[in-house]
Amino acid sequence: MTLSIPPSIQCQTEAACRLITRVTGDTLRAIHLYGSAVAGGLKPNSDIDLLVTICQPLTEAQRATLMQELLALSSPPGASAEKRALEVTVVLYSQLVPWCFPPSREMQFGEWLREDICQGIYEPAQQDWDMVLLITQILETSIPLKGERAERLFTPAPAAQLLKALRYPLDLWQSTADVQGDEYHIVLTLARIWYTLSTGRFTSKDAAADWLLPQLPEDYAATLRAAQREYLGLEQQDWHILLPAVVRFVDFAKAHIPTQFT
């Protein structure tokens, strides 16, 4: 099946590609579109997810230019009828072929960083286990906007490293403060981790929620259902009130998510 860029995001995606190509120049190896745009369908608050693969580290000038100019092309979720939030991850090819564990990413742009970027604060290159999951998803479903198809560039991560990457976020969410402000995203991420470890496959956030809901006690199902409804743009939730329920859901999920692929 030949995938194509959804018409609703084509102009914004092409503008982002032109910017990335101009700034990275001869170091650019590939740009891939992945995520909801090509697998599961765009939802009201879905990002446009781009992976940029380069052959040389970014200079500080390149990093600053990308961060600042991506701000103008991106919009916070739900804030604009014309633009979506961009999530742009930049990685060195040498981190992925051959695999380094954990791999490092050169740069990541996302709307959650907008305030820092506006102040000229840019994250440096850093290790990121999520790169293993990202490449796994791209190998399953993606569109090459520049360069070769994913299966010609990348190789799958070994199962043991994929398992480590899937379970790594579970150690990050230890307290109420760790989940506050990102409640529905964390709840849906846990559903996706649960789905993948149980089935060996990746799926969209709302599909993972649909799969998990019938298996949960009602108290926990209600929290997941609330997160799913906000993600789908059906109902805005008051997460300040729901925070204790979210913490209980996180604790329950961490206790019941498989420790191995089943």
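Each residue, glycine too, has its Cβ placed from N, Cα and C.
Applying an 8 A CB threshold to same-chain residues 6+ apart, the list for Glu87 (active site, proton acceptor) reads Gly35, Asp47, Ile48, Asp49, Leu50, Gln108, Phe109, Gly110, Glu111. The feature active site, proton acceptor is assigned by Swiss-Prot to Glu87, with a curator's inference given as support.
Positions annotated as ATP binding site by Swiss-Prot: Ser36, Ser46, Asp47, Asp130, Lys205, Tyr231. Of all Cβ atoms in the protein chains displayed, 24 besides its own lie within 10 Å of the Cβ of Lys205 (ATP binding site).
Taken from Swiss-Prot, the feature Mg(2+) 2 binding site covers Asp47, Asp49, Glu87. The DSSP secondary structure for Glu87 (active site, proton acceptor) is strand.
The DSSP secondary structure for Asp47 (ATP binding site) is coil. Sequence annotations record features per position, and here Swiss-Prot assigns Mg(2+) 1 binding site to Asp47, Asp49.
Long-range C-beta contacts of Ser175 (streptomycin binding site), restricted to its own chain and to partners at least six residues apart, with a cutoff below 8 Å, are absent. Marked as streptomycin binding site by Swiss-Prot: Trp173, Gln174, Ser175, Thr176, Ala177, Asp178, His185.
Marked as region 'Adenylyltransferase domain' by Swiss-Prot on the basis of experimental evidence: 1-157.
Secondary structure of the region 'Helical domain' (158-262) per DSSP, as helix, strand and coil residue counts: 77 helix, 0 strand, 28 coil. The region 'Helical domain' feature in Swiss-Prot is assigned to 158-262; the stated evidence is experimental evidence.
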Cα-to-Cα gap, Asp130 (ATP binding site) vs His185 (streptomycin binding site), nearest whole Å: 15
Asp47 (ATP binding site), number of other Cβ atoms within 10 Å: 19
Those binding-site residues listed as Ser36, Ser46, Gln174, Thr176, and which of them has the most Cβ atoms within 10 Å of its own Cβ: Ser46
